[in-house]
Each structure stands twice: as C-alpha cells, then as structure tokens.
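Comments concern the structure below.
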C-alpha cells in the first residue's frame, strides 16, 4: 500500500503539473540561453567558438541520451541477479570487521538490503528466491547517473575557464604584434614623396628593434656553452614555465621565423590574430569528451578500491604530464635558438626554421592531445570530489583521509592555474613552429570554399573544377577575394 501511495497514480495532480512546469521552464531557459549565445558569437564572428558551442550541445545531447537510457533500463538492471561471490570484493569502502566473520552471502545480503531500503521500489525478493543478489541497486545507479552529469559539466567549465584565462594572457601579446605590423616595409620606405624620410626612419627603427629582440633571444637561450648543454637546457626549460613563460624577445623571434618561412613576402602578416584563431579551433576538440576519455573513467572507477588510495596517486598524473608538456615547449624554443647559432657558425643563413622534428614523434598535434587529457583528468578529480561531498558527505569512507584529500585539491587548483597562465599560451605560440601552418590561417569562409574546390577537383578533375569555379566566381563575396589575394603570399613549404 505504501508503494502505491507513492506512485504517480496517487500523487496530487497539482504536484505533477507544478514539477512538470519547472522542468520544462528550466529546459527552455537553457535552450534559449545557448541559442542567444550562439547568435552573439556569430555577430562577433567568433566562428571557432560557435563550433565549440555546437560541440557542447552534442555533449549535452549525449548526456540526455545516457539519462534516458538509465531511466528506462533501471528496472531491467535491477532484476539482473548474480552469484554473491561475484560482488563480495573490490568495494570502495572496507567492510566493518564484524561483517568479515559472516558468510559472504549473509554479509552481502545485509549490504544490499540496506541499499534497497533506501531506494524507492527496490526489493531484492526477485534475486533472493534464486539464491542470488542484485547486480546493482537503483540508488547506486542513480548516483552513478549524477556523477556522469557532474563530470561533463565540470569538464566544460574547466575548459572554458582555461580558454578565458589563457586567452587573456595571449591578448597581452597584441601590443607586441601591433608595434611591428604598423611599421612600413622596405618597399614603402623606398617610395619617393614627402613621407619618404618618415618611412625610412620607421623602417630603420624596426630593423634595430628586431635586431635587439633577436640578440636578447639568442643570448637568453644559446649564449655560452653551458646554456647549450642538454641537461642545463632541460632544467632551465622546466623552471622557466613557472615564471615568464613567453617573453617579448621570444614572441618577436618566433613570429619573425614563422613569417620568413611561411609568408616571406608579407612581413605585416597578423601573426597574433592567426594564433588566436588556431587556439579557438583547437578548443573545439578540447571541449569534447572522446571515447578514450570515457574509457579512462571506466578504468579508474574499477580501480577505486578501498585502501588503495587510487585517486590520491591519480591526482599526480595531470600535474606530471603538465610539467612535461611545459618543459618540452620551453625546450623547443631553446632548440630553435641553438639551431640558429649553429647555422651562423657554419656560415649559413641564420634564421629560425620551424620543423615538426622538434616535437614528440614529429607530431605537434600530440601536445594538444596531452592538454586535452590533462584538462579532462583534472576535471575528473574535482568532479569526483564534489560528487562524493554532496552525495555521501565529507565523512564518507570514499572521501579518503584528510591528509590525502587536501593535496588532491591543491594539485587540482595548481594544474588549472598553471595550464591557463603558462602552458596554454606556450602551446599557442610554440606549436606554430611546425613544418606546416594550421587551418587557422584561413577564416571559416575561405576554408569552406577551398574545401568545395578541393572536392570538385577530386571528383570531376581539373578541367571540370575550373569550369565550375568560373561559373560560381561572380557569386563569391568580395571579402573572400581580398583574403585569397593576401594569403597567396603565404605559401606552404
């Protein structure tokens, strides 16, 4: 009778209508909020961030499907019965000593009876008649459902905060970019006219400032034999990520090397804008939760055995990886400076040459994958803490001792701050030193149009594609033609 009174059949209609109204209202507010945020990003021409928002919507849809799947299948899962021996070990909490003297069947029956009394409509009678126990209680299934939702939300929040804080740090470099982009080129300085003297003076000042920046850059990273030592270079790179991860001389030198390699005839190329666009495009990948990250969650939920302190040791993993990535990026900068000095000693052209060989396995994209994993792992640590805190309380046995808990939280905050203010800006600058420039050099209009042309070329051949291009050329916006003319000067080597 008690179960019938708690069912929907015996619930007042005003309660059902009120709860339904609240759920629908909150859902509509969230949907319209995301819709207006997308329109705002479109108006600001933040196409990469708009794509990241679309990825976020896909994650929310996946969470909705998981929620629906768990809700629909919870009755079927509750009736899955297994032998008691299969669920008599590997608990997140150690069982009390008095329970160890009982038989496994009696002990586990008591545990599951207690859990099922706490969950609505959960009765173990279906399994006890067969001499078995339920695989999982409805209460535990509900808590697992909440954990998946909390993990996804905190991951998105952490990624967004990292992009905002890291982007603010990268924006500080804009004044360095503007100082060099406003400087007239040698061609402008040689033109006759009343502004000739002013342009010539500005051009000479630019060369002098560039020389000073390069001199400081090479002196910092390759001055003296001890700085070229492999051990000293790695130790210095490891320590430098904690203070002044990117200096003005490093930015100017790497910018000059990129332009001389990829855009030699366009010295006023907006390297800062291109770098921001590539970071925004990479953010689309970071905000998603890939399949191997979900597999990582499953593995560590499996290893969450009482007494192992798995999550304490796990908290060191993102910090170690982050320090490795930061040291590697700093070491790439030093390697570029040493390479230029060696070229100078051999009598070759002393210019920074970007190369994939500087990165792990000659693949710059590995750095992005590691940053993605670090952010997700850190989100997992914080999400697990808050989930246990609000579900079972601070004194839960799953929470571990205070001596293990505080270092986990400190390392989580340290990873978030270090990744935002040091590693992400380093990644944005140093990963441009690959052999090829990234797709961010084109905006969304140029990129989508080039993809159409490439598809036509592959499917119809060069002649058909050329005819098709001539047909649609009058409908191409003027801004596209201007951008293509500018980018024709940036040849991919």
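Every residue gets a Cβ built from N, Cα and C, even glycine.
Values in this document were obtained by computation on a predicted structure and should not be read as measured data.
Lifted from TrEMBL, the feature list:
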type     : residues : note
TRANSMEM : 12-34    : transmembrane segment
TRANSMEM : 60-80    : transmembrane segment
TRANSMEM : 144-165  : transmembrane segment
TRANSMEM : 286-305  : transmembrane segment
TRANSMEM : 311-329  : transmembrane segment
TRANSMEM : 366-389  : transmembrane segment
TRANSMEM : 409-430  : transmembrane segment
Legend entry - Segment proximity, the transmembrane segment (366-389) to the transmembrane segment (286-305), 3 or more C-beta pairs under 8 Å: yes
Legend entry - For the transmembrane segment (311-329), distant same-chain residues with Cβ under 8 A (at least six beyond the ends): 234, 237-238, 241, 245, 300, 304, 359-360, 367, 370-371, 373-374, 377-378, 381, 384, 400, 404, 407-408, 411-412, 414-415, 418-419, 422-423, 426-427, 430-431
Inset, instruction - Sort out for me which stretch, of 12-34, 60-80, 144-165, 409-430, has the most Cβ pairs below 8 angstroms to the transmembrane segment (366-389). - result: 144-165
Inset, instruction - Please figure out which one of 12-34, 144-165, 409-430 racks up the most CB pairs under 8 Å against the transmembrane segment (60-80). - result: 144-165
Legend entry - Segment proximity, the transmembrane segment (409-430) to the transmembrane segment (144-165), 3 or more C-beta pairs under 8 Å: yes
